[in-house]
Every structure is written in C-alpha cells, then in structure tokens.
Amino acid sequence: MTASAGTGVFVLSLMSIPTFVVSAFNLFELINENSNIRFILKKTPVDPLFYVYAVYAILSVVNLIIGLEQDNIIDGFVTFYLKVADPHINTAHGHMISYWDGCFHYLMYLLMIAAITWGDSYRAIGLYWVGSCLMRSIVYILGNAVGKYGIKLGPLFLVHMLYVSCIWNLIYFFFQNIKKVEQRSLPHRPLDLLFVIYLILAFAFCVFRGLIVLDCSSPWAQDYRNHYEPYLKDPSAYPKVQMLVSMLYSAPYYVVALYGLMVPGCEWMPDLTLVHSGALAQSQFSHIGASLHTRTPFSYRVPVDSQPVFLLINVLYAVVPQLLCYRCHTKPAFFLRTTTENKTD
C-alpha cells in the first residue's frame with residue numbers, strides 16, 4: 001500500500017484532533033498484529049514550501065478546533081490553551097479568523113500540497129492565499145497591538161507572526177515567472193545589501209510610528225513618543241495623518257523595493273524610487289521642522305537632550321531613499337531586461 005507525500009500531510013494534519021490520534025494508534029496496532037502492511041512514502045518533494053504548508057495545515061486544524069470549542073460546539077479539546085492563551089483570541093474577530101483559517105486556509109494548503117506532490121503549478125492559489133493571509137495578519141496583529149488587549153499580549157502571540165512569512169511566499173511566487181539573467185548575487189553587491197538592510201529597518205520604523213499614533217499601549221511605543229517624538233501627540237492631527245499615510249503606503253513600497261533589489265529586470269524600480277524619495281523628502285522635512293518649531297507647543301516639541309537621536313534617526317530615514325534613488329538612476333543595468341527578454345515579450 002502506498003501513500004503520497006500530500007496524503008501524508010493530510011493525515012498528519014488530522015492528528016491535531018486528539019480523538020483521531022487515539023483512533024490512529026488503535027488502527028496501527030491492529031495492522032501490526034494482523035499484517036505486514038506498510039505505508040511507503042514516495043519521493044520527498046524538493047519544493048521548500050511543501051514543508052511550510054504542511055506546518056500551516058496542522059495549525060489550521062488546531063485553529064478550527066479552537067473556534068469550535070469557543071462556540072461550545074465541542075468541549076475539552078483545547079480548554080487549557082484557551083485559559084493560558086492571549087485574551088484577544090476570545091473576541092468575535094478571533095472567533096471568525098479561527099474558522100477562516102481552519103476551513104478556507106486549510107483547503108488552500110491541501111490544494112497547494114497536492115499540486116506540489118503532483119508537480120502542478122499552484123501559483124494562482126498561492127497568490128490568492130497570500131492576499132488572504134496578509135489581510136488576516138495585518139488586521140489581527142495591528143488590532144491586537146493597538147486595542148485594549150495590547151498590554152496583555154503574551155509569548156503565544158508571537159505564533160501569529162509566523163503568518164507574516166507569507167510575504168516571502170509572495171516573492172517566491174514572483175520568482176517563478178522571472179527568467180534568469182546575468183547578475184551578481186546580493187552578497188556580491190555590498191551597496192545594494194546595505195540598501196536591503198535599510199529597507200527592512202525603514203519598514204519596521206514606519207510601522208512602529210504608525211502604531212504609536214494609533215495609541216499603541218506598548219511601553220516601547222509610549223517611551224519613544226514621550227521622549228523622542230512627542231509631536232506625534234499634537235492635536236493638530238497632521239503628524240497622526242502623516243504617520244498613518246506612511247504606514248499604509250511607504251510600508252508596502254519597502255516590500256516592493258526589496259523585491260526590486262533582489263530580482264533583476266524590474267524596469268519600474270527607478271521610477272518608483274523617484275516618486276517615493278520625493279514624497280519622503282517632503283514629509284520628513286515637514287515633520288522634522290514642525291517637531292522643533294517654536295510654533296509647536298512646548299509640550300509637543302522634541303526635548304533638547306533627545307534632539308541628537310531624533311535628528312539622526314529622521315535624517316537617515318529621509319536621506320537614504322535619496323541615495324537609493326540616485327543609485328537606481330545612475331546604475332540602472334540591474335533593472336533593465338536583457339535583449340533576449342525584450343524580443344521574447
């Protein structure tokens with residue numbers, strides 16, 4: 001008797017249900033006593049996402065069990081977990097994403113696992129899942145950080161950060177349609193490597209400030225706001241709107257720019273950096289100036305002893321995109337398609 005790797009993942013995911021585990025052990029014992037039947041696993045899939053989706057499939061079944069027990073449809077399966085878990089999981093939104101993950105995401109994982117096992121393309125399903133997973137993660141994680149449960153988040157909340165890895169999946173799917181061209185890998189392009197590091201830090205920084213203006217209850221957010229950028233509390237609302245726009249538009253740009261620096265042939269990269277660098281120059285100029293201006297009430301101005309750190313962070317945040325734009329326009333070869341690709345198109 002044989003079973004494919006995809007079938008193996010399906011069976012393994014069902015083992016998240018305790019009663020199924022008991023039944024499975026009884027079945028295996030019966031088989032061992034009466035026959036020499038063995039499950040022979042076919043060739044191990046080489047696609048690394050196979051194993052990622054296998055883990056996610058197991059977590060999806062767990063989430064379905066959590067949703068069912070929260071609504072008292074079943075009882076006694078994850079009672080201990082619900083007692084020690086973060087309180088946000090007991091909200092109505094937490095209930096609904098448990099069902100979504102346990103049903104729809106689980107179906108997507110099985111379809112993608114089956115496609116990998118059979119050697120078929122799963123790019124369309126994968127991109128659909130990326131969109132769903134990103135929306136789930138953004139709303140859920142930011143809502144938890146900003147909402148009334150922000151100060152009650154525990155280590156188990158970090159499990160939800162696993163879903164952010166869907167961004168890597170998105171890049172992976174786009175890689176499948178990119179033809180290979182002559183290029184030097186990122187470690188052999190030290191300047192681009194520095195820009196990649198900056199983009200990651202800039203992404204974290206703009207999201208962090210967005211959370212601050214959304215009244216994030218984290219002690220880190222409050223300390224940063226009180227000691228380094230009290231202007232974010234200004235009742236004029238200009239800094240709040242600025243940070244929200246930055247989080248909603250600049251953050252996606254940083255992800256796209258990371259892709260453009262790693263994958264050759266992105267002809268849109270120079271134009272995109274030009275638009276973003278102009279926008280960021282204007283916004284940072286206004287933000288830095290207003291934070292130090294005498295027209296700003298004294299209580300919302302940057303404290304004198306914190307000004308060096310404030311200026312260092314914000315000036316770097318404004319200048320590096322200008323340097324990235326300059327690099328893309330003066331040395332655009334990496335972003336241009338080869339002659340062979342253009343003829344093919």
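Any Cβ shown, glycine's included, is placed from N, Cα and C.
Caution: TrEMBL annotation is automatic and unverified by curators.
Values in this document were obtained by computation on a predicted structure and should not be read as measured data.
Within the listed segments 6-28, 305-327, TrEMBL records transmembrane segment for the stretch 6-28. In terms of DSSP helix, strand and coil, the domain 'EXPERA' (191-325) has 110 helix, 0 strand, 25 coil. Below 8 angstroms of C-beta separation, residues 142, 145-146, 148, 150-151, 186, 229, 232, 239-240, 243-244, 246-248, 250-251, 254-255, 257-258, 261-262, 313, 317, 320-321, 323-324, 327 of the same chain, each at least six residues beyond the ends of the transmembrane segment (195-221), sit close to that stretch.
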